[in-house]
Structure formats: C-alpha cells, structure tokens
Amino acid sequence: MSFIRKKSMEFLKSFEVPAKNPSEEAQRRWRDAVGTLVKNRRRRFRMVPDLDKRSQAETQRRKIQEKLRVALFVQKAALQFIDAVRKTEHPLPELARQCGFSVSAEELASIVRGHDTKSLRFHNGVDGIARKVAVSLADGVKSDDAGLRAEVYGANQYTEKPPRTFWMFLWDASQDMTLLLLAFCAAVSVAIGLATEGWPSGMYDGVGIMLTILLVVMITAASDYKQSLQFRDLDKEKKKIDVQVTRDGYRQKVSIYDIVVGDIVHLSIGDQVPADGLFIDGYSFVVDESNLSGESEPVHVSTANRFLLGGTKVQDGSARMLVTAVGMRTEWGNLMETLSQGGEDETPLQVKLNGVATIIGKIGLAFAVLTFTVLMARFLLGKAGAPGGLLRWRMVDALAVLNFFAVAVTIIVVAVPEGLPLAVTLSLAFAMKKLMQERALVRHLSACETMGSASCICTDKTGTLTTNHMVVEKIWASGAAQTMSNAKGFDQLTSSMSETFAKVLLEGVFHCSGSEVVRGKDGRHTIMGTPTETAILEFGLAVEKRARIEHTGAGKLKVEPFNSVKKTMAVVIASPSAGGRPRAFLKGASEVVLSRCSLVLDGTGNVEKLTDAKAKRVASAIDAFACEALRTLCLAYQDVDGGGGDIPGEGYTLIAVFGIKDPLRPGVREAVATCHAAGINVRMVTGDNINTAKAIARECGILTDDGIAIEGPEFRNKDPDQMREIIPKIQVMARSLPLDKHTLVTNLRGMFNEVVAVTGDGTNDAPALHEADIGLAMGIAGTEVAKENADVIIMDDNFSTIINVAKWGRSVYINIQKFVQFQLTVNVVALMVNFISASFTGSAPLTIVQLLWVNLIMDTLGALALATEPPNDAMMKRPPVGRGDNFITKVMWRNIVGQSIYQLVVLGVLLLRGKSLLQINGPQADSLLNTFVFNTFVFCQVFNEVNSREMEKINVFSGIFSSWIFSAVVGVTAGFQVIMVELLGTFANTVHLSGKLWLTSVLIGSVGLVIGAILKCIPVESGSDASDRHDGYRPIPTGPSAV
C-alpha cells in the first residue's frame, strides 16, 4: 500500500504548477503525464490553452514588434517596410467626401503607424489633420456625429474569435470515445436482438443504451454551454475601460469601444492609450511602448514627436490626443487579435485533479479488464461444459460477449473521472459570477482559487479602508489652524486673510493640481480628478464664493505631475498676481514640502522667515492633524526668474497645510476582525504620514499593542536578518514607496512562505501586484496599468469586498473537496460491486444503462450540486490552507473508506442473500433483486451526496434550502430514478418495485447519514494535527494557548 502511495505521489509531482506565470515546460509536463487515458480530449482540455497556438501567437507578436521597431528607429523606410509596398496614394472614399472629411482612413492610419513626419507636415500638422477630419481641438467631436465617424473611419473594436454555440458543445460532448464504443455496441445489440428476438423486444436493450447516451451528451453539453456563457459575460466586463474625452465642448467619460476618429482624449499617468493618435498638448508626457515594440526604454512624446500608438501605457505626465485610427487599423488591434488565440492558463487545482483523474482512470481500466476477463472466463467455462462445447456459437452467445465488452467499457466510463478538473471550472465560473454581483471582477481563474489560501493581505489605506470621499476638515494658514467643517470655519478663514494672501492661495489651489474644474452641460461645476485633488479644489471653490475673489486663468510654463516616488507635484505658471511673472507652486506630502521651505506667508500677504521655532509649530500642527486621522498636504510657492528653467528644489514660501478627512468605510473594522479570525494577517501599506496611518489602523483594528508601525525609509534600510526579525511584527508601513511594498511582498513570500494578496491603484504598484500571489487592483481609483497587472479588480474599492473574494476562494476549494469525496466513493463502490458480482455470479448487477445513469449522477449532476454550494461564515473561522497541504485530506479518506465499506457490505449481502432476506420469489426474482440493488445503490449515492455537504460537521442539513441548485439536483435525481424504475423498465432493465421495497431502498440509503455521523466522531490524526478540519483548515486554538 505504501509503495502504491509513494508511486502516486511521485506521479502527481508532474501535476504541480505555480498559480501565476507557469513555465511552458511545467505546462507540457503535466499534459504529457496525462497520456492517452482520456475519454474525451476535446471536452477535458477545452479550457486548457493550446501551447502550439500560443507559441504561434507569440511568434506573430514578435513580428509585429519588429515591424514597429523599424517604424520607430528607421522612420524613413517605415511605411515601405510595414506595408511591404511602395508608398501609394490613398484615394478619398465618396462617403468620407460626402460627410465633409478630406482624408481617408488608410492615410490617417499610415501617418501614426509609420511615424511619418513628412506626411504630417504635408497635412499642416495636428491642426491641419483636425480640419480634415472636421473637428475642433477645443470642443471635440459632436456626439451626434460619432456614429457617422464610426461608419467612415471604423469602430474601435478588435476582431475576436466567434463565440462557441451550443451545437459546438454538443459535438464536443459526443466525442467521448467510450460513449462512441457503447453506441457501436448498442447498434450491434439492436441488430442481433432483432435477428434473435424480433420486433420490438429485440431492440429494447440497444435503444435504451442509445437514449441514455443521448441524455448524458445533452446534459453535459448544456452544463458546458452554461459555463461558457458565464465566462463570456465576465470577459466582457474585463474589457470595459472608460476614457475621458472632450465632446460637445465638455469633458466626459466614454467607453474605449466608443472612441472614434477625431475624438480629443485626455490622458494621464497609468492610462492606456485607447487608439492611435497625435499629441496635441501636455506636460512631461512619457509613454511605455514595450508591449508593442519590445523596447523597454520609455518614449517622450511632445510637439517634436507627436505619434501615439494605441495599447501603450502612460508612464508620466498628462496630455490631450487627437484620435487618428481605431480598431483593426491600429497595430494594437492586430496584436489583440493574435493574443486572443493564446487562452488562459489552467489553475493549479485543475492540473492537480487531472493527475488524480489519470491515476483513478488507470485503476478503473484495470478493473474493467479484470471484470471482462472474469465474465469471459466464467462464460467460456460454462460453454465448454455444454453440448457442442466451444465450437458451437449462436447469436445469443455473440450477444452475451458483446454485453460483457459493453459492461467493461461502461466501467471505464464510470471509472475515469473526467468531471474532476471540469468541476473546478464549474465552481470557479459560479464563484466568479457571484463575485461580479458583489463588485469583484476576477481577471484570472487561478486568482479566485489562490485567494482561498491567502494568509496575508497588504492593503492600501485611501479608498480601500476609507471611503475616498474627501473633504478639507482643517487648514493651517496665517499661523493658526482653522476647522473647515462648517460655514463658520470658512467665514473665520476668509476674514483672517488679506486679498493678497487669498489670491496666492487660490492660484496654488487651482493651478497646482492634477485635476480640473469643468462646467457640465447643466452649467454646474464638476471636478475631474482624484479624490484628494477634488477635496482641495472644492475647498478653493468655497473660499472663492465667500471671499468673492475669483482665481484668474494662467498659462502653465512647466509641470511636474505628482507621482508616488517624489510625493510632490510642481508647476510654473505666468502668475496674474505677480504681474505675469513666472511663479512656481509645490504641493505634496507635508514633511517633504516643509523641508523645502525657508519662508512662510502670513495672513496679510507678507513673507516672513521660517525660523526653527515657526517650523516646529507647523510640524506640531501637521502631527496634530495626523493624529486626528487627517491626511496632510502642504502648499508652497516661489517666484522664479525666467520661464524655461528647472522647477526650484528649495527656497519655497509656505502658504498652507491642509488636513483632509477621509472617513473609515462602514464595516471595515468587522471585515478586519473577520480576517484575523480566518488566520489572515492584515497589513496597511500607505504613503501617508505615520501618525495618520496609525490612527486609521487603530480605528479599524489593524494595529495592535504588540504590532509595529514603521516608515518606508527605515524599512528599506534594514538588512535581510533584520527584516526577517521585524516583518512578522509589521502591521503598518507609512510613507512607503511602491518599491517598499514590492520588497515586503517578496520577503513575505520568500522568507515566510506566505500566500500574499496585495492591493494597489497606481502605475508604480504594478511590480508588487505582479509579484504577489493575488494582485488586487482598485476599480475606481486604479489606473489601467494597475488593473492590467492585477488578478482581481475590486470594483467598489472596498476592503470588505476583498474578504468576499477570500470567502469565495475558500468555498471553491472546499466544494471541490466535497465533490472529490463524493465521486471517489461512487467510483469505489460501482467498480467493486460489478467486479465482485462478476466473480461470484458471472453477471454484472448494474447494467450499461444503469451505469451510465450513475455516471451522470456522480459527474455532471454531482458537480452541479456540490461545486456550486455558496460559502458560509464558518469558512472564515479557520486558518487558510498551506501551500504544501494535501488536497485529499485524511478526513476525506476516512469518509470515503467508511461509506464505501458500508455500501459494499450492504450491496454484497443483497446480491448474495437478497432473495431470502427480502422474500423475493417467482420467475422475475432475479430481475426484481437486480432492480432493488440498483435502486438501493442510487439512493445510497443520493444520501451520500447530502452527507458530502459537510465533511466534518454532523448536521449536514444546515443551509440546504439556501442552496437551491443542490436541492434541485437531489430532487431531479430522485424523481428521475422513480421514472427509470417504474416507467422505463423495458429500456433500463428494471421491473416494478412494491412500496415496501421502495421504502427499504430509501431506508438503506438513509442509513448512510447515520454512518456519516458516526464516522465524523472518529479522530483521524494524533498529536497537534488531531484537530485538522475536513477541508484542510486547522481550527484556531482557543484559550491561553491561542495568545
């Protein structure tokens, strides 16, 4: 036994793949290990990517990148190389002319795709192109014209593989080799039956098999098609991206698929360029073209290099872009068509269960051969003793041998559990659909599965733990702090500051901002930007209204956008309050800005020296704000000489300190407590002031008395030994850089073997999201770069949603364990019953039709019932599954072995002594007994299915009616069993059972519930592991030892 177990473990090592980015070698290894023992390759590997097609797609991608590389670095020959023809004229289509356009779609596309500066100059630059596509660079496209533009220049859609129809799934399900063999046997059986027994009795057996095969194929295809619809809906959600455009003179959001040629698109850090286009204006604009060209060097886009390619990512700065080509006229469109051939990687659990299915299939094949051998041996021995011996064969004998072969094939149908890996897909599809309703979009199948094992969550603060609805609660200005939560506070502030101070303050608020105030169609002001910027701009609008001072527009001479590394943003404007002279404004993290200030502006507008004493008072105000859980930002300015130089690094004059309130989300404290109860450590990683971070962390229960709060600079200066000592205690990391988050995640996974989930929203979070076991991007605040590198998108940016993902992840894992336990029990009993009966009686009690029905119960219907059970709160009261834990636990083996022994003993006794025990007599005694055995076997499985809902708890009926799918499947199974026995006897080889025998069958099956309860009282492990739970989770210790 130990030898078999050892060999099985060695074999299953081939089926170990990482959850993220598995190598091609690992993927090919498990495919090779599966071998030829597969009933239906089309269905079993439908969700498994074709590695050869993926390789071809990668080759095509490299070709596209090579062409673009030529376009970027050999611009003179770019168009000739890309189009493989000499430059030709692009005739203007009549439709375009009639619509008022004077340039063709092909010519527009070739300008950007080939970086053709000569053609751009020929068309008089961006302004000339704008005129030829009939658009104003200020007002943008008219919404009423969008449909016409899509008709002339094309829609921003990419060619995708057509969705699979139901008939395709029906075809896949019918390609099962064992079912095809059975269909052949059924056809031969009909032919022989008609020849020997005549019409219609001679056709019953064969037609019964055919009808059952048809039923199996239909139900399988329907289940698979339903899954495909769910995945299709999820895929549509994944591709939803909104971009900001100017249309009808107003800024607004539209879907990336609604972009048309002529649109004016606004781009900022982290955005994906939605189509090919030309740079209009912007600041410090840098894009990453590596996914198209393969070159890692960032590209600076400006008036000197205006070409923007769809699919590239904005790395820095902001800009406006004129769209010139969309959809399949862009290289990104061609690349997307190629990449769609690759498919998604299979999950580790799917691969592992392919290994389990292969082992069980080999055992089943051996039993099928043994059963056929035993049946044939007994038949030949009986025939040898009959008159004529082995030399005399009749049609009846041929029919008997054919039946033996069909029984053996049917055993293989039952024994090879191809439903195991497919059940994972079913469970994941169900979970992903439910999570979508709960505002979590799972981008990768494996993430949902892995999240169930998460032992640590590294979360942002802003927007995740807090509401992200920010307001300026307090302000330090003119040497004093003011509360701004009501009208009185604003009145006190405006009355204490001079007009000079107010103008400088408002200039800084409105011009040193990555957001902007725009007027909507209804005439109301709308702020487009981040919540932090929105809070400050709303404060500025309120001050303007009360002080009756309007800020004056000013041209921006230079801009340094905010990023999470510098923690500041800066701008140089031609300041109206300084007579049009250049003035630099600096805004950002309080400590950073304050350290670069040497002067301070008082309430009268005079500049004073920022002495050490004054600096300490400002720092005290910042600390006081932070201790009240307020985010703090400083605003400063400096008059500069000239307009084209660098933004000053120091020597600024401090204007004000803002204390911004971002309230804790409702339910966050309870969600954090749920994490702790589930054995999941929560760590806050934020760029905020450490006092702000500590206050919020204490409020939501993350920071405890024995936990550590550390700042990023201190953390990154630790050596590996110090990190090994301190990381387990870290609960808060403040003033951190994205690199610090990446380092923390890497060490948690490497040093401590933790399964780490990480939240992120910025472009610079991409490395940490990629490194983590589960990357969680914010759907509202997150950039497109962050979302692309994430495994799950939290649509509402809510920490409680992350807990739902973890709960559903655990549910998937446990549900598959339940299904495996149920299916293995059915497998063992079905194989042993037919083998033992063949050995002792020379016939198989379970006929072909009956075995196919059993296969349907344990495969498709069993997966539907058990793999779609919703999660319960008890799942979050146990620590997570470890990386190295066995999927099939000792508790599962206990239940499988116990139930199998009970069923085998009962069915064995019935087969050998059933007639006398049940007092069955008469000419139909054998048929009656076989029907009773079949009926009892099915009801044993029905009650075992109920038993499998809980692998450890005795109460298996808890929440059974909340799982309507489970209840429906059990009801349908029982109902169809009645129909098979009472109405389809001719085809199913059954006879009518009396009420007494029906009751006896059900009672024997229900005793399985009692057996299950007794088994759950039997301890399966000793020592510290004795408390391991049914699903691989260990219960949390209680009492003094839990501390």
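Note that Cβ sites are derived from N, Cα and C of the backbone, with glycine treated the same way.
Per Swiss-Prot, the features are:
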- 1-178: topological domain 'Cytoplasmic' (TOPO_DOM)
- 179-199: transmembrane segment (TRANSMEM)
- 202-222: transmembrane segment (TRANSMEM)
- 223-258: topological domain 'Cytoplasmic' (TOPO_DOM)
- 259-279: transmembrane segment (TRANSMEM)
- 356-376: transmembrane segment (TRANSMEM)
- 377-395: topological domain 'Cytoplasmic' (TOPO_DOM)
- 396-416: transmembrane segment (TRANSMEM)
- Asp460: active site, 4-aspartylphosphate intermediate (ACT_SITE)
- Asp761, Asp765: Mg(2+) binding site (BINDING)
- 824-844: transmembrane segment (TRANSMEM)
- 846-866: transmembrane segment (TRANSMEM)
- 891-911: transmembrane segment (TRANSMEM)
- 912-955: topological domain 'Cytoplasmic' (TOPO_DOM)
- 956-976: transmembrane segment (TRANSMEM)
- 998-1018: transmembrane segment (TRANSMEM)
- 1019-1043: topological domain 'Cytoplasmic' (TOPO_DOM)
- 1023-1043: region 'Disordered' (REGION)
Rounded inter-Cα distance in Å - Asp761 (Mg(2+) binding site), Asp460 (active site, 4-aspartylphosphate intermediate): 9
Neighbour-count leader, CB within 10 A, recorded positions: Asp460, Asp761: Asp761
The transmembrane segment (846-866) vs the transmembrane segment (998-1018): 3 or more CB pairs under 8 Å: no
Three-class DSSP secondary structure - Asp765 (Mg(2+) binding site): helix
Long-range environment of the topological domain 'Cytoplasmic' (912-955) - Cβ separation under 8 angstroms, sequence gap at least 6: 817-819, 821-822, 825-826, 829-830, 833, 840, 845-847, 850, 853-854, 857-858, 862, 865-866, 869, 891-892, 895, 899, 903, 906, 966, 969-970, 973-974, 977, 981, 985, 989-991, 993, 997-998, 1000-1002, 1004-1006, 1008-1009, 1012-1013, 1016-1017, 1029-1031
Annotated stretches the transmembrane segment (998-1018) and the transmembrane segment (396-416) touching (3 or more Cβ pairs under 8 Å): no
Asp765 (Mg(2+) binding site): tally of other CB atoms within 10 A of its CB: 29
Whole-number mean of pLDDT values that fall within the topological domain 'Cytoplasmic' (223-258): 82
For the topological domain 'Cytoplasmic' (223-258), the number of residues DSSP places in helix, strand and coil: 19 helix, 12 strand, 5 coil
Length of the line joining the Cα atoms of Asp765 (Mg(2+) binding site) and the residue listed as 'active site, 4-aspartylphosphate intermediate', in Å: 11
Chain residues in Cβ proximity to the transmembrane segment (956-976) (below 8 Å; excluding those fewer than six residues from its ends, i.e. six or more beyond): 853, 857, 861-862, 864-866, 868-870, 872, 938-939, 942, 945-947, 949-950, 1009, 1012
Long-range environment of the topological domain 'Cytoplasmic' (223-258) - Cβ separation under 8 angstroms, sequence gap at least 6: 43, 46, 138-143, 146, 155-157, 163-164, 166, 169, 172-173, 264-266, 271-272, 274, 320, 422, 425-426, 429-430, 432-433, 436, 441-443, 516, 518-521, 526, 528, 784, 860, 863-864
